[in-house]
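Engineer: Below are the features I grabbed from TrEMBL:
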- 75-91: compositional bias 'Polar residues' (COMPBIAS)
- 75-94: region 'Disordered' (REGION)
- 110-129: transmembrane segment (TRANSMEM)
- 112-394: domain 'ABC transmembrane type-1' (DOMAIN)
- 149-171: transmembrane segment (TRANSMEM)
- 223-245: transmembrane segment (TRANSMEM)
- 251-271: transmembrane segment (TRANSMEM)
- 329-357: transmembrane segment (TRANSMEM)
- 369-393: transmembrane segment (TRANSMEM)
- 430-654: domain 'ABC transporter' (DOMAIN)
- 661-714: region 'Disordered' (REGION)
- 745-772: transmembrane segment (TRANSMEM)
- 752-1032: domain 'ABC transmembrane type-1' (DOMAIN)
- 792-820: transmembrane segment (TRANSMEM)
- 874-905: transmembrane segment (TRANSMEM)
- 975-996: transmembrane segment (TRANSMEM)
- 1002-1024: transmembrane segment (TRANSMEM)
- 1069-1305: domain 'ABC transporter' (DOMAIN)
Amino acid sequence: PPVFSLHQNPCPESGASFLSRISFWWITGMMVQGFRQPLKSTDLWSLNKEDTSEQVVPVLVKNWKRNFSQMPSFRGNSGLGSSPASTSLSPQKDRDPSLFKVLYKTFGPYFLMSFLFKALHDLMMFAGPEILNLFSSSPAPPPAPDWQGYFYTALLFISACLQTLVLHQYFHICFVSGMRIKTAVIGAVYRKALVITNSARKSSTVGEIVNLMSVDAQRFMDLATYINMIWSAPLQVILALYLLWLNLGPSVLAGVAVMILMVPLNAVMAMKTKTYQVAHMKSKDNRIKLMNEILNGIKVLKLYAWELAFKDKVLAIRQEELKVLKKSAYLAAVGTFTWVCTPFLVALSTFAVYVTIDKDNILDAQKAFVSLALFNILRFPLNILPMVISSIVQASVSLKRLRIFLSHEELEPSSIERRPAKDGGGMNSITVRNATFTWARSDPPTLSGITFSVPEGALVAVVGQVGCGKSSLLSALLAEMDKVEGHVAIKGSVAYVPQQAWIQNDSLKENILFGRPLQERYYKAVIEACALLPDLEILPTGDRTEIGEKGVNLSGGQKQRVSLARAVYCNSDIYLFDDPLSAVDAHVGKHIFENVVGPKGMLKNKTRILVTHGISYLPQVDVIIVMSGGKISEMGSYQELLARDGAFAGILSSITCSTRAPARDGDGEIHGTAAGEQSGGRGGGSTTTIASERKKAGDARKHHNSTAELQKAGTPKEATWKLMEADKAQTGQVKLSVYWDYMKAIGLFISFLSIFLFLSNHIAALASNYWLSLWTDDPIVNGTQQHTKVRLSVYGALGISQGISVFGYSMAVSIGGILASRRLHLDLLHNVLRSPMSFFERTPSGNLVNRFSKELDTVDSMIPQVIKMFMGSLFSVVGACIIILLATPIAAVIIPPLGLIYFFVQRFYVASSRQLKRLESVSRSPVYSHFSETLLGVSVIRAFEEQERFIRQSDLKVDENQKAYYPSIVANRWLAVRLEFVGNCIVLFAALFSVISRHSLSAGLVGLSVSYSLQVTAYLNWLVRMSSEMETNIVAVERLKEYSETEKEAPWQIEEMAPPSTWPQVGRVEFQDYGLRYREDLDLVLRHINITIDGGEKVGIVGRTGAGKSSLTLGLFRITEPAKGQIIIDGVNIAQIGLHSLRLKITIIPQDPVLFSGPLRMNLDPFSQYSDEEIWTSLELAHLKNFVSALPDKLNHECTEGGENLRSSVGQRQLVCLARALLRKTKVLVLDEATAAVDLETDDLIQSTIRTQFDDCTVLTIAHRLNTIMDYTRVIVLDKGEIRECGPPSDLLQQRGLFYSMAKDAGLV
């Protein structure tokens, strides 16, 4: 992002003169620029200081805190609100802190100016009909002098122009307030998300919080422009009625009665709309949440061929959503009907009563058309009121959601005493006394009665079984958990390496620096110690390579090492490592332990707490803490614990027996891994760092003398290699094909039907008014008019036909819109799920979620409304012009040139406005991407105390977005002022011509033409606004269609090539000269793979990180199609069958265990094709039976997003994946580092399960822990994408090659 300085491109507004400001002349420069060529983000002005996040957000946050602390139930809680759950649910209404008050306090003063402007405008609005009154009375005999006609004409024009200027000042204030509110809300939500407790996080999922930022903030923005209508509309109605009374006397009451009758009807509809609104939001939240998970776990879906099951789940939610939408569409149609017909019914009833009460009441031109003008004024407030009401209803729903979120409990960093490092206070850097911790107040404590202290500079290992609270212990030290009792003190700064690495979408270097200044030498030392040098060689542009969201283009081990390097680089006093060594290969793990964590590593003087499953490191640590069931069962040094022969010795012996590793070591303490490591490690300090790595890096150390060279002096093409494709802004006009696509999605019949109904509606409206003008021209005989009955009944009939066609088109458009959005969503979902894996690695999930939430919402609810208004205003304008031409044919001279000016201004404006809108929506994606990234890494951000920096980043991104939004508001005002001026000219000429040729015109026609010309301005404005709205909204259709053109993966089913249902029977896998590359422009990652694996063989695949182990499985599952060669399973070339036929027949236990939210049973068997017994059997074999039967809902236990509430341990999730594999029981099974995150005991369970259950299957294991594959039939050693060694493990050990050196590093020889 460009460096953001306040003065880089200041907004000309501050220096503009008064005239330039009220006519918005100062933006013309940008408009001209935008007309000549599409605007770019560099052309935008920086925001005015008072609109930036750093000005707006703190004020809101401060007011909210103050308001929060005044609440009786919340008193004494710090922060943005950290109320204990019990009080926040208090039933009394008056207890809730009022967010509305806070918003009013923050933005009220500025907003109040709009009141004055609005009131002024409302009063001026009535000048028009009054002048028209005088004007119409002038043609009556005796003829008034000419100057009077011209004087009134001029007056009419001037009042209209003033009205325009005042109105747009008012709108400008409203929009700017709306923009500030949105900025403030996003800022407040972001700041709050960084401090809420984990239990509060559970109650609002990522999807909901992102919706608070996108949808709800938008609602407030929309409301700001409407809210004044609450008092202004009634004011307008009262004034209009008063003037009507003067004009027509008591018969106005008939009209009023009709209006009053309509009110309850609309109230009922507004209430209904609200309930539908809430239901719609709910299913939308669910859908976005599910989509979010699908996009996060897309790899697993593809590997298991589960896309269809999840597609059906999404469509089921969507079906509910469309049901609700359909109901609201019917309501909207009825609403439109009543609103279009009300003014007409009012006019009809008033005139009818007026003529029938008294024979002497004559409907002359003056009365009829002044009344019509007033009725037309009435139409607007009456139309807008329900919109305002529903807007307020929506905003109040949003207000409540926002209030609940901002009132969530917060973490209390103060529960842990943090002292500066320099502080003396004893030698202990961590002291914990009798502490009990829980994840949520309501849950039983996770850790209880913890007491320990760690002296400065000590290395402490924490061991124990899966799910015994090792990770929770670290979270507790980071103040991520609720401390129920006890005392915790920490001295100095903290760095934290989580179990699942969190990587930002940024360059590798930025991920490591993490906001700290670059120190060349230290940086290189860190990279070397974390074994990242060889990885930098593989990456396209060294450490400048951009890393995709959630680190998609790094392997698990690389992510973990980057995460480690980040912690090491920040040079803190205390290090908390949550099992970072499990995801890396044995020899790399050893390298890292020696160079970073261990007694001789870079951090040897720091305090380190290491949660680990690797036994081999234990002899070198100072203290070992053994945990079980949330308590510390014993602690002491390695020797002490062995001697004590307690739980620890038990863990050790169970592992040592199972590790069938030849252990013939001098010091016969204990056999097996630990001993071998101890004699080698402690004694000679083992100098063979990483033999294989040395070879690999080709003595890289000698050459790299500066980071600049680390970055690989590649071709310039490489230097700009970007992984993520940012959201692109399309330029130029929206193509007609997009409208056509939309019409096709609606269905052509419905499209043309609605156009026809629109036409008939407007023809009826014109006819009825023309009829009225003929009526007023009826001669007066004996003080009464003749054909009153006929005139009245035809007038009524025309009105009714108008009403029917309105109802028809309203229905047609609404139903059509729903059909269209259903079709578009189906296509989008299908296209996204059919996209290959590479597509998801390149496209940020933010973009995709944006399509499914924002753009789809536009298609669902905005576009049908906009189409209705657009068509309505288009026909009204045409109609008005026709009437003016009928009345004063001489106007034909003036209308075409004005039309041309109009058209030009509109094109001129749309060029800029469309581009601004696109820039705005492109700059919106990063706001959400950054936000969901923050939510995933919130514990890391808190541990490193980087909250401030992330808040700043978020603010910058919001400001970037508002930079594009602000000019587009002003451009709207600019356009409106220009257009209304043109409209006012039409009024001027219509009046002028009728004065000039008044002697030859009938009074009725003059009245008709002037009263229509008064409306023209409003309609024209509306038309231009709607046509640009139409363009900007139809972009959503364009963006939904975008993904239908991207590449797709091979078809899921190919009928004619489908293998027999019993295939594969043997499970024999052959690779024939197999080669694989990730993208056209990249090198091969695998080359010349030739190997045959017989059915039932157990094969281990080993090699350094990045050697292509995982790529081999990706090739087997055709996640990436082969570059050359082929894979044959049981005589079938897998490249020729459908993807699902392949993927359903082979099973993988993937590297990162992903669970989807939903019942546990759905996670095991989404297609529901197995019985409960089978599922329980598989759970039993996966050693989960006890765990699952202890859950209250058993198989229907709800897993939350990402499976985090499965006792939060990765190991258990891994076991669930094993249960999936056991259920499917296919002939070929692939384990992708599946046991890296479990402790050795569980690992052993898994291995024995695989040996017994899959003993007739072909098993391919990608291993980091070599001891797991020591008894396999064969081992394949990969290096740089080629097979280096292959054979039974015992043979390979004798060859003393690569495998031998790896085994040696792991302490197995």
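Along the chain as shown, residues are numbered 1 onward.
For all residues, glycine too, the Cβ spot is worked out from N, Cα and C.
Neighbours and distances for these, please.
Structural biologist: Outside the transmembrane segment (149-171), and at least 6 residues removed from its termini, the chain residues within Cβ reach (under 8 Å) are 22-24, 114, 117-118, 120-121, 124-125, 127-128, 131-132, 134-135, 138, 225, 228, 972-973, 976-977, 980-981, 983-985, 987-988, 991-992, 995, 998, 1017.
Using a Cβ-Cβ cut-off under 8 Å and counting only residues 6 or more beyond its ends in the same chain, the transmembrane segment (223-245) has close neighbours at 111, 114-115, 118-119, 122-123, 125-126, 129-130, 170-171, 174-175, 177-178, 181, 252, 255-256, 259, 350, 371, 374-375, 377-378, 380-382, 384-385, 387-388, 391-392, 394-395.
Only residues 6 or more beyond the boundaries of the transmembrane segment (329-357), in the same chain, are considered here, and those with a CB under 8 A from a CB of the stretch are 244, 248-249, 251-252, 254-259, 262, 265-266, 269, 272-273, 276, 363, 368, 371-372, 375-376, 378-379, 382-383, 386, 761, 768, 785, 788, 792, 795-796, 799, 802-803, 806-807, 810-811, 814-815, 817-818, 864-865, 868.
Same-chain neighbours of the transmembrane segment (369-393): 125-126, 128-129, 132-133, 136, 219, 222-223, 226-227, 229-230, 232-234, 236-237, 240-241, 243-244, 247-248, 255, 259, 262, 266, 269-270, 273-274, 277, 335, 339, 342-343, 346-347, 350-351, 769, 772-773, 776, 1004, 1007-1008, 1010-1011, 1014-1015, 1018, counting only residues six or more beyond its ends whose CB sits under 8 Å from a CB of the stretch.
Sequence-distant contacts of the transmembrane segment (792-820) (same chain, at least 6 residues past either end, Cβ-Cβ under 8 Å): 322, 325-326, 329-330, 332-334, 336-337, 340-341, 344-345, 348, 351-352, 355-356, 742, 745-747, 750-751, 753-754, 757-758, 760-761, 764-765, 767-768, 771-772, 775, 859-860, 863-864, 867-868, 871.
Non-local neighbours of the transmembrane segment (874-905) in the same chain are 758-759, 761-762, 765-766, 769-770, 975, 978-979, 982, 985-986, 989-990, 993-994, 996-997, 1001, 1005-1006, 1008-1009, 1012-1013, 1015-1016, 1019-1020, 1023-1024; each lies 6+ residues outside the stretch with a CB under 8 Å from one of its CB atoms.
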Engineer: Quick one: average pLDDT across the domain 'ABC transporter' (430-654), no decimals.
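Structural biologist: Summing pLDDT over the domain 'ABC transporter' (430-654) and dividing by its length gives 86.
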Engineer: Cβ under 8 Å to the transmembrane segment (110-129), counting only same-chain residues 6 or more beyond its ends: which ones?
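Structural biologist: Distant contacts of the transmembrane segment (110-129): 155-156, 159-160, 162-163, 166-167, 169-170, 173-174, 176-177, 224, 228, 232, 235-236, 239-240, 243, 370, 373-374, 377, 1014.
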